[in-house]
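According to TrEMBL, the active site, proton acceptor annotation covers H150. Taken from TrEMBL, the feature substrate binding site applies to D108, G158, Y312. The divalent metal cation binding site annotation in TrEMBL covers D185, H187, D273. Sequence annotations record features per position, and here TrEMBL assigns domain 'Histone deacetylase' to 36-326.
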Amino acid sequence: METGGNSLPSGADGKKRKVSYYYDPLIGNYHYGSGHSMKPLRIAMTHDLLLKYRVLDNMQVFKPIKATSHDLLQFHSDEYISFLKRITPDNAKELAGLCKIYYVNSNDCPVFDGLYDYCTSYTGGSLSAAARLNEGSSDIAINWSGGLHHAKCSAASGFCYVNDAVLAITELLKHRQRVLYVDIDVHHGDGVEEAFYQTDRVMTVSFHQRCIFPYDTGLINHIGSDQGKYHAVNVPLDEGITDHTYHSLFKPIISKVMEVYRPEALVLQCGADSLARDPLGSFNLTIKGHAECVNFIRSFNLPLLLLGGGGYCLRNVPRCWAYETAVAVGVELQNDLPSNEFYAYFGPHYTLHDPPIKALENKNSTNSLEKIKTRVLDNISKLEHAPSVQFQERPPDASVDVQLFSLN
């Protein structure tokens, strides 16, 4: 894959899309705590790059309405959501027993000021984005603060408290028979897979590094069960995978899924910890290589929800998501970064794309990748083509009456 230079051209698929973008101006103020890997500041940094690159001029920009407890209860348990509303740094010791039950106040999922508001903010963005796709007023909707794919029905996990991806998919299912969820985070999208493991209305496809968190999930033989058999696809990879070898699996697998499953809407979790030099991952993907997955998914011309996720190198994540926003819109960006509020973070090159670097050894052999691809494609071939479902009475839609965000 070419590195450096300008952004991906729009190509044959270059027609402009109607894109909605969701951003809460307060999201960057939430803080997991000193030394924690997860930094919501990266969302504010991404937004500032988009502002200075003038990409925002090509989208409808919205401040999302926060999710309600009713919204959260469409997936999470009442007891767990009540706990999240109640817990604060001041009462964490008093509620230590519940913290242990719900895996909160751990090193991964600490209690911090404004925790519940943070959850309702990023989840509100994903729900509003999904609802806008449902009403047909956007082709692509983006919420970089979302994609927190590890949270379970009654527990936090892996920096994630509320699973906005599950809730957004549930929202899409109000109007769509089948939704495809694709996850390119370096960590397995276990919370989303688990939520839909027994249904054929959602297909989950996760490309991730093996033998890291979450342990013992995302194995190639985890394929779904009951009605969901063959509707969970896992592509576990060894460290060091490059753009070219990643795409040699990603493109044929996704193409086969699209051919057989025929989804009516797409959700792409764009975790940026699969980039080279992320402190919690060991892949060799470049920003262009990561974004090629967005470009490829975009090319199917279906309603598309783009979510964030992991990503723990502060100089990498905003550049990646700014670039992927431009890919979604169909505009090109200059390689030299514009002056911005966080410019000092982007040294030493101050460019959108880094020059070539010494990469980690690619431990994915051609033979091992071919075996993975063959097995996965064989499983996909066992799917019933485009399963039909009978719609039940439809729950009310999430609100899309969001406030247009002022750029002044």
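Heads up, the Cβ atoms here are built off N, Cα and C, so glycines get one too.
Sequence-distant neighbours of G158 (substrate binding site) (same chain, 6+ apart, CB under 8 A from its CB) are D108, C109, H150, H187, F213, P214. Candidate binding-site residues: D108, D185, D273. Fewest other C-beta atoms within 10 angstroms, D108. The Cβ neighbour count for H150 (active site, proton acceptor), using a 10 Å radius over every protein chain in view, is 28. D273 (divalent metal cation binding site) sits 6 Å from Y312 (substrate binding site), taking the C-alpha atoms as the reference points. Within 8 A of the CB centroid of the substrate site residues D108, G158, Y312, the other residues of that chain are S37, M38, H150, F159, C160, H187, F213, L280, G310. The residues near the divalent metal cation site, meaning same-chain residues not in D185, H187, D273 whose C-beta sits within 8 angstroms of the mean position of the site's C-beta atoms, are V186, H208, Q209, G271, S274, L280, G281, G309, G310, G311, in sequence order.
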